[in-house]
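A.B. asks: Pulled from TrEMBL, these are the listed features:
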| type | residues | note |
| --- | --- | --- |
| DOMAIN | 63-164 | domain 'Potassium channel tetramerisation-type BTB' |
| DOMAIN | 221-454 | domain 'Ion transport' |
| TRANSMEM | 217-242 | transmembrane segment |
| TRANSMEM | 292-313 | transmembrane segment |
| TRANSMEM | 362-383 | transmembrane segment |
| TRANSMEM | 395-414 | transmembrane segment |
| TRANSMEM | 426-444 | transmembrane segment |
Amino acid sequence: MQRLFCLQRTVERKRQLPSAAGDISVEIAFTILERRIFGIMWGIQRTRYADCNGSEASEEAEIVVNIGGVKQVLYGDVLNRYPETRLAELVDCSLKSHEEISSLCDDYDPDTAEIYFDRDPEAFKCIVELYYYGEIHMKRGICPICFMKEMEFWKIGADFLDECCKSHLKEVQDELAEIAERVRTILVDREGDPSAGACQRFQTSLWRLMEKPESSVPAHVIAILSFIFILISSVVMCVGTIPELQVEDSEGNLTEHPTLEVIETVCIGWFTIEYLLRLISSPNKIKFALSFMNIIDFMAIMPFFVVLILTSFGAGVMELANVQQAVQALRIMRIARIFKLARHSSGLQTLTSALKSSLKELGLLLMYMGVGVFLFSALGYTMEQNHPDTLFTSIPQSFWWAVITMTTVGYGDVYPKTTLGRCNAAISFLCGVIAIALPIHPIINNFVLFYNKQQVLETAAKHEIELMALRSSEGELRAAPEHHEHVCSAGVWDSSMSSCHSETYLPLLKDPRGGSSMQTPSMETSFESTAEASEYFIS
């Protein structure tokens with residue numbers, strides 16, 4: 001025992017060293033070691049207590065529980081550390097009647113004094129840690145929502161949960177809330193609001209038709225047509241720049257072929273009608289107009305009408321040359337319509353979300369590149385300025401060379417001719433590769449994370465809809481309005497709706513920490529001697 005106390009003090013001193021400060025892996029290692037030392041000391045004290053007080057006192061202190069078929073021997077003085085919990089209520093079972101004991105558990109065997117609970121034994125392994133370590137650490141593979149219900153059953157508050165587990169639980173609750181919102185949206189899209197008037201129901205139906213391709217077959221057809229018109233318009237815009245397909249106007253200038261202009265007009269007509277219908281049916285007009293994708297849609301059709309107005313009335317307002325310049329500038333804005341494809345592609349939407357979440361990494365990349373461009377262009381100009389045939393006439397002119405060198409493009413229009421300049425180019429090339437490679441991995445991780453989450457949420461929402469439809473056919477769901485209220489409850493799901501969250505459609509609920517859980521005593525473990533306790537915790 002004295003050696004264990006010395007070992008514990010040594011661990012505490014090393015834990016306070018400056019070299020161990022801030023290192024998470026070292027902190028975890030020290031925590032596990034301290035817990036194992038505590039377990040050994042506790043086992044020794046338990047064995048000594050049994051030796052000093054005899055077998056009768058030991059039997060009076062022991063409580064045998066059976067959790068889902070797994071037995072565990074607990075001790076009253078340990079359980080009394082938290083008297084408000086359910087396990088602490090079992091301490092005085094010997095003084096209670098059979099009926100009173102049965103009210104605290106699922107079953108009780110008076111012959112063996114074994115108390116049975118029909119609960120998850122794996123979750124109980126984590127629950128019992130509270131009485132020995134003062135906190136609960138949730139293991140991998142256990143659904144956090146189901147684990148919180150286990151804690152509620154054992155009358156243990158969420159404050160005893162470890163901080164890392166609390167953050168994991170918060171993530172899962174947010175995911176379930178998002179699933180609930182998706183389910184609510186799908187239900188509203190399918191069934192509508194029975195209390196709405198005829199005009200509002202028509203507006204909702206029109207909104208589903210134009211905005212929700214998955215709501216019906218006509219909506220899916222409209223989405224496909226919109227996708228086709230976007231492709232045709234983009235192809236026409238590109239083909240219209242081919243000189244062989246252009247015609248001369250009355251002034252000898254090359255313009256688009258009339259056939260292409262007709263196709264362009266038809267596409268713009270479709271985009272205009274689509275935009276107006278979506279604007280009219282939108283529940284929130286201001287939010288619709290300020291949405292990024294809707295701004296893209298407006299920019300895709302606006303140049304056509306501006307060009308039409310300028311060509312019709314511009315001759316009397318300004319010089320024809322200025323009108324033509326404005327027309328050419330506005331025609332360039334037609335490239336914005338290619339972004340309309342993002343509306344029909346979940347992959348592009350996921351990429352946009354990943355880039356938004358990676359703004360910090362992109363900012364670091366731009367900062368690295370900016371510093372490198374300024375540094376190596378200045379060095380390149382300094383090393384090359386005395387060469388008679390130098391291509392580095394100034395530092396700003398050298399920026400272009402630094403950019404194409406650091407990005408490994410290397411056009412060859414500007415290149416160093418001195419030995420020092422070439423060494424500078426080699427170093428700038430290596431620094432550019434490193435600067436670009438560093439933030440790429442976090443950006444890819446964000447994209448994979450968002451894409452997997454999107455797929456999981458879609459699958460979860462569809463699964464829940466199918467499950468509710470099945471239960472509705474069996475008569476378990478009574479009315480749609482009641483169910484709408486049930487789903488809208490900010491992601492709080494009752495036991496009937498969350499019975500399969502842990503194993504079916506929420507792979508993201510698995511513990512993301514990646515590390516193995518700390519070894520804790522099995523529910524079948526009881527120590528008969530000090531040597532046995534020491535051997536278990538040291539192994």
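Placement of Cβ uses the backbone N, Cα and C atoms for every residue, glycine included.
In terms of burial and nearby residues, how do these features look in this structure?
C.D. replies: Residue counts for the domain 'Potassium channel tetramerisation-type BTB' (63-164) under DSSP, helix first, then strand, then coil, are 45 helix, 20 strand, 37 coil.
For the domain 'Ion transport' (221-454), the predicted model reports an average pLDDT of 83.
Within the same chain, residues 355, 392, 394-395, 398-399, 401-403, 405-407, 416, 418, 420-421, 424-425, 427-428, 431-432, 435-436, 438-439, 443 sit at least 6 positions outside the transmembrane segment (362-383) and bring their C-beta atoms closer than 8 Å to a C-beta of that stretch.
Residues 369, 372-374, 376-378, 380-381, 425, 428-429, 431-433, 435-436 of the same chain sit 6 or more residues outside the transmembrane segment (395-414) yet have a Cβ under 8 Å from a Cβ within it.
When Cβ-Cβ distances below 8 Å are used as the criterion, the transmembrane segment (426-444) is approached by residues 354-355, 358, 361-362, 364-365, 368-369, 372, 376, 380, 402, 405-408 of the same chain, each at least six residues removed from its ends.
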